[in-house]
Amino acid sequence: MNAVLTAEGLKKSFGAVTAAANISLAFDANTVVSLIGANGAGKTTFLNMVTGYLKPDSGRIMFDRRNIVGLSPRQITKLGVSRSFQVPQLFQTLNVRDNLLIAESIAGAKDPQAATDAALARFALEPYGHQQAGLLPEGIRKLLDVAMALSSRSKLLLLDEPTSSVSADEKFAIMDVVMGAARAAGVTVIFVEHDMDIVARFAGRVVAFYDGGIIADGTPDTVLRADSVRRYVIGDEVPHAAA
Amino acid sequence: MKALAAAAVALALLIALALLAPQWLVFMAMLALAKGVVVLGLVVLMRTGLVSFGQGLYFGIGAYAAALLSHQWHIADAAVMLLAAAAAGGLIAALLGLLLARYRDIFFAMLSLALSMILYGLLVKSAALGSTDGFNLHARTFFGMAFASGMERRVFLIAGSACAVVAALMVHRLLGRHWGRLASAVRDNELRVSYLGASPYRVVYVNYLIAGALAGFGGALAALAVGHVDPETTYWTTSGEFVFIAILGGTQSIIAPFVAAAIFEALRTIASQYAPNVWQMSLGLAMLAIIMFQPAGLWSLAERWRRSA
Ligand SMILES: Nc1ncnc2c1ncn2[C@@H]1O[C@H](COP(=O)(O)OP(=O)(O)OP(=O)(O)O)[C@@H](O)[C@H]1O
Ligand SMILES: [Mg+2]
């Protein structure tokens, strides 16, 4: 009904590889949706198409009732779509504070300094404010990447594996901070995740990708229990499954 | 406030020098100032992570613009020359920047070098502009005011100093706020800049334009000092000198380009007196020493000294 983002019939192939095979998805406002799938299933490709980094071979992407296919990442960001990356994209030689200050200034915050203070607090990054981004531990780099994405004008927040390459005991703490900040900002969240415990805990809806297509879509309970998902995504030995 | 005070002190020193120093020193100071302004522009560009090996293009354009005013249109006013040169440099940079701002790293450096060599080739071939010999320029007034002979250069140095100090202050302001951070952001990670909603292309373009205008201004100031222009102004060795001075001073301060340019000119004057044959070699050795022992430039020495004091 109240969809923020709607993808209709997205197709994308790289030579013989089909990274998106006719994907149609709608995301409602103020929901938290997780995209799961094995390596190479097409999750990042989906985010790349939504943010204008890749142009789909065919299909439409509606954001705020407007087709955004053909717009650049910069233009789409300005409309309110923010993203973090599988490998954090930071300004390595600058300190944490300046990284955030640049983000808030570009986003057009009325008082960038105050907005930066707020972001530092919201993401529990205050202790790192004066440290150089390139020298931070991976978990903090991940947090900073999300904090930079989530500026005052974000409406939709796309997170590509916010907890990858972070130690298992840090994952939940990081997600708690990220989701708390996202909720406070009132944004819709789509996050790609490989850790099913994280998915079960934070997602209200799960979409499972396989080979560029969608094999399951629904509540975490139903999707994470589906045979196809257990076989192709989680990698369980599924009893009694046809070969 | 601190910057304003520093600017006032620098200006006072330069005015004193212009009024009291012997002619040869006034000449040298003009050249050093001219190169300092060009390097100031280069430093702005280097904030975005780009080095132009072709600032001689705009240095030459500025010098020839000033000289042509005097030669073709008999305009002998130094103020008009300086302004026209900065405008000419900025205008051409606004045009070529459309192309250059798309390139990065070695491609940017080489393309800027190539463009400067095209102008060099054109000037060498152009008989109307004196080909390799170039031609003279005469500047007698400043904003219509005439001066006793011998005083002109001193007045031009004061005017040049005032402009350079204002330019340095403006650059200091610009780099101290969002724009300066944004330039560093472009140097570090363009993908993230785009994904925050800003255009790296635009940042590079504007900084290139600033560098072009400042180099044009520097070219005119040098031409006023020498009283002559020739294609050498656009030659790659001239561009190389600017990069040399930028590295010598470092890119972290807007005073560094001027200090480095002064050291450079002083060294060259001394070397050409006493060791004309090993000048190039000593340059090479100096560069080697800087890169090996002081890669952040001489300015970092001053910083360290200030911190330990
Ligand atoms: N720019 C590209 N050029 C060529 N092939 C690509 C490109 N981007 C993605 N692919 C291919 O498309 C397929 C989907 O890749 P994608 O990065 O979307 O997977 P993913 O689901 O994000 O995987 P992972 O969990 O490993 O991040 C893969 O086979 C990948 O090799
Ligand atoms: Mg991926």
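The backbone N, Cα and C atoms fix where each Cβ goes, glycine too.
Per TrEMBL, the listed range annotated as transmembrane segment is B:155-175 (candidates: B:8-28, B:155-175). Simply put, out of B:155-175, B:205-229, B:241-263, B:283-302, B:205-229 has the most Cβ pairs sitting under 8 Å from the transmembrane segment (B:79-100). The largest share of C-beta pairs under 8 angstroms with the transmembrane segment (B:106-124) comes from B:44-67, of the ranges B:44-67, B:155-175, B:205-229, B:241-263, B:283-302. Long-range contacts of the transmembrane segment (B:241-263) within its own chain (CB-CB distance under 8 A, at least 6 residues past either end) are made by residues 6, 10, 29, 32-33, 35-40, 42-43, 46-47, 51-53, 55-56, 59, 164, 168, 171-172, 175, 215, 283, 286-287, 290-291, 296-300, 303. Against the transmembrane segment (B:155-175), stretch B:205-229 has more CB pairs under 8 A than any other of B:44-67, B:205-229, B:283-302.
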